[in-house]
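Going by TrEMBL, these are the annotated features:
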type     : residues : note
TRANSMEM : 28-46    : transmembrane segment
TRANSMEM : 53-73    : transmembrane segment
TRANSMEM : 79-99    : transmembrane segment
TRANSMEM : 111-130  : transmembrane segment
TRANSMEM : 136-156  : transmembrane segment
TRANSMEM : 161-182  : transmembrane segment
TRANSMEM : 188-208  : transmembrane segment
TRANSMEM : 220-239  : transmembrane segment
Amino acid sequence: MNLTTRAVLTAAASAAVAIGAAIGEVPLVAVLGVLAVIFAVGWSSLMQLPSRGGSTLVVSLTAVGALACVALTQNEPWLRFLPVVLAFGVFLAFINEMLRPVPRTNLIDSLFGTVTGIVVTICGAGWLAAFRIEHGLAVVMISAAALAAASAAGALKGPRWLVVAATFALGTAAGVVTAHFLGATTLLTGLLQGALAGLVISALHALVHRLPELTNRRSAASMIVLPILALGVLVYVAGRLVF
């Protein structure tokens, strides 16, 4: 799966987050859960981890735990139990490595890769926390629209620096335009959320442009949802700064 296809599918997945939020909290949780599991299934293949089954299970359990903790939290701060989930995930990652048969080759790489996947999926729970703050629906819609626009820009052809610049610019512009049409927030919100989305996608494209082709579908699927999950906690933080 080439870079252009992945960019378009990331935009589609971002739209799914926006649609889920527009319907309600439960559909948003469902969408985020599906994206997190897709990420977990492909992450071990993408990182070429030696214990793929164990790493997938650990990352999946952590993702479900993070979403469940935020969903069951009744008052602010919405993310207060995520450090516990992170600690539990790291513990499971160590157990996973201990259960590997001897010789445990690439032990540090495997542990680091699994923990990185855990952190990414925990960040994804930030979308749900952002949905619960004041004007939360608008914050999620703005960020999802900006992420979709920035992701679609990654499908453009041209010099790498120009594509990265266009990605950032389109993400920021989409955030401002969406904020204007929603009317529930200030343009500053759109500017900040759009800039964050554009920055995340731009950085990701700059990192992976040397690997434009992913033949493994699971690896490609994980790369597709990676920016969405990674942006989640930034969406929440930016929303709290503005409101």
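Heads up, the Cβ atoms here are built off N, Cα and C, so glycines get one too.
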The transmembrane segment (188-208) vs the transmembrane segment (136-156): 3 or more CB pairs under 8 Å: yes
Non-local residues, at least 6 beyond the ends, that sit with Cβ under 8 Å of the transmembrane segment (161-182): 138, 141-143, 145-150, 152-154, 189-195, 197-199, 201-202, 205-206
Non-local residues, at least 6 beyond the ends, that sit with Cβ under 8 Å of the transmembrane segment (111-130): 17, 21, 25, 28-29, 32, 35-36, 39-40, 43-44, 47, 49, 55, 58-59, 62-63, 66-67, 69-71, 78-79, 82, 85-86, 89-90, 93-94, 96-97, 136, 139-140, 143, 226, 228-237, 239
Highest-contact recorded stretch vs the transmembrane segment (220-239), from 28-46, 53-73, 79-99, 136-156, CB pairs under 8 Å: 28-46
Ranked first among 53-73, 79-99, 136-156 for CB pairs under 8 angstroms with the transmembrane segment (28-46): 53-73
